[in-house]
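A.B. asks: Let me give you the structure first, and then I'll get to my questions.
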Amino acid sequence: MSNTTATRVIVTGRKPAGRSLFRRSTPEHADRSVQKRRARRETLAGYGFLSPWLLGFFGLTLLPMAYSLYLSFTKYNIFQPPEWIGLDNYVRLFTDDPTFVQSAQITLVYVVVGTPITLAAALGVAMLLNYRDRGAGFFRSSFYAPSLIGGSVSIAIVWRAMFGNDGPVDSVLSAIGIDLGGWIGNPALVLPALILLAIWQFGATMVIFLAGLKQIPKELYEAAEMDGAGPYHRFRAVTIPLLSPVIFFNLLLGLIGAFQVFTSAYIISNGSGGPAGSTNFITLYLYKRGFSDGQMGYAAAIAWVLLIVVAIIAFILFRTQRSWVHYSGDAR
Amino acid sequence: MSTTSFGEQAIAALENQVDATEQIPRRRVKRKTWQTVIWFVVLLAITAIVLYPLVWLFLSTFKPNSEFGSNPGLIPNNPTLDNYVKVSEGIAGVPMWRFFLNSFIIAAGSVIGVVLSSALAAYAFARIQFKGLGILFAAMIGTLLLPFHVLIIPQYILFNNLGLVDTFIPLLLPKFLATEAFFVFLLVQFIRQMPRDMDEAARIDGAGHVRIFWSIILPLIKPALITCSIFAFIWAWNDFLGPLLYLTSPENYPLPIALRLYNDQTSSSDYGATATASFIALLPVLAFFLVFQRFLVDGVATQGLKG
């Protein structure tokens, strides 16, 4: 017991408030001190295991975020020290920079049009695959492949060729009498081509939907059918509510991912964001401002606008979650 | 199949009887068959659309330059291997194998870093009760939603001041510090599914966390570690923005950046080389996919399901 007390002094740096020798040696007391020591050991082990992550989180995420917030209030070109200019960058973004406004618009169109279609396609195909087991594994894998390679430079190059002038898409459309010309060089059609590229990568979302669908008990569908519910009603009353946590997850990650599209736009426009700024997504504009024009402070402000928009969307989604996402105790 | 037991036969016979007494109308059976046929055809059509760009790219590597622009179809009119010969020679004075090697070093380094650091962090989050667990876990989930682009400017300034631009360190260091929350999250999900009996028994026998982590948890989560490794490899292999920011000399370029070289310098004439280099850059990823698709698909499915 004396040993315990000694350790406790060392560990807590505090003398035990021993009123009497007898009291200190009660089993209850010894127990509590052992518990405390164990808790301390656990905390120490926890931070030990977490140390690489903590270093990364503070050194490469939290502090850089704080620094970029600071930079967003400055004029900074790397060579001279940052010069504090207050809110000027932000004011300029919204009042005196039509390129930014355009870039925000096309990014929003891309997110708002692309994400729901991708989700709907993913859910539709997942339901198709859930209908029969035979061969479903093969289809599941082939549909998943594009999500793995879709963000690569190679696929962006393929897309540029496929939707370019005299590419496969153009020639098929011409053959059936729709003469649109190349999509890549056309400011009105290059964004749809990029949205199609995003939809093409529905596989990862589909796999998550499929796993969710498999967890819905078959009896629920049977019960609904007994009650005379047709396919549409079964979809509305069983599939959607029971799948809502998965829909929520996919929607959240899909929206946030769509805001960050970069590689395809960069490659398809050769880094220019053209034609006529129609592929100048926020991330590409940020990159050009920061790394081509050397306006690091201004680019940081763009990054913070992006962050705030994403945060607001995440907040709204989490806030409205209660009204449409159903967590049944079992399905989670 | 041939050794069906008597019991199974009996059950089958009983089932047949039940079927017979129920007398399913023939029309309904027919409808079911038709539905399956339509189902199969629809899915085949989707497969064709989804895989078309890949097949097109593969077959384009055999097209001579003159056919780009005149033959948008799948099959080359005059198939040739010239493109492969040209690409193997490299570009900008750098041989092709060098780009491959760079890509490989970055991807392999990423795998080691991601698996080590993410497994450690995930074990702490899933199995150790420590002060601050809740808030740090929430912070980790938060970084899952954080747009990466907020960090590129300060991180670039940091690595630039440390004199590390044009080295692989800015690309690899973040992986060794578990900054990619996807992997930590995936492993946390996986470890939480593991029964606690074994590590509790080990604790009673006096094993510490290091011991439990190393000899019990790590072997148990091997499938998840494989999933993480494959994703880490493929993502690092395909990464464009990171190398674009940090690598400046061509002999340090990985494949995606080297591809841009083909694109910028000769895109007006050399479509064949561009297509072929693009296809070669995809090959390792496609090979990984074919071999490990089960791990990849299951990994994604677990990630989305339990929150």
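Easy rule for this one: first residue shown is 1, then count along the chain.
The backbone N, Cα and C atoms fix where each Cβ goes, glycine too.
Whatever TrEMBL says is automated annotation, not expert-curated.
Annotated domain 'ABC transmembrane type-1' per TrEMBL: B:100-292, in sequence order. Summarising the annotation, TrEMBL assigns transmembrane segment to B:36-59, B:104-126, B:133-157, B:169-191, B:212-237, B:271-292.
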A.B. asks: Considering only Cβ pairs within less than 8 angstroms, which of the stretches B:36-59, B:104-126, B:169-191, B:271-292 has the most against the transmembrane segment (B:212-237)?
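C.D. replies: It is B:104-126, which has the most Cβ pairs under 8 Å.
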A.B. asks: Which of B:36-59, B:133-157, B:169-191 has the most Cβ pairs closer than 8 Å to the transmembrane segment (B:104-126)?
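C.D. replies: The stretch with the most close Cβ contacts to the transmembrane segment (B:104-126) is B:169-191.
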A.B. asks: So are the transmembrane segment (B:271-292) and the transmembrane segment (B:133-157) touching or not, going by 3+ C-beta pairs under 8 A with a sequence gap of 6 or more?
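C.D. replies: No; fewer than 3 Cβ pairs under 8 Å.
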A.B. asks: Go through the chain and flag residues at least 6 beyond the ends of the transmembrane segment (B:133-157) whose CB is under 8 A from any CB in it; none is fine as an answer.
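C.D. replies: Contacts with the transmembrane segment (B:133-157): 121, 125, 165, 170, 179, 181-182, 184-185, 241, 245-246.
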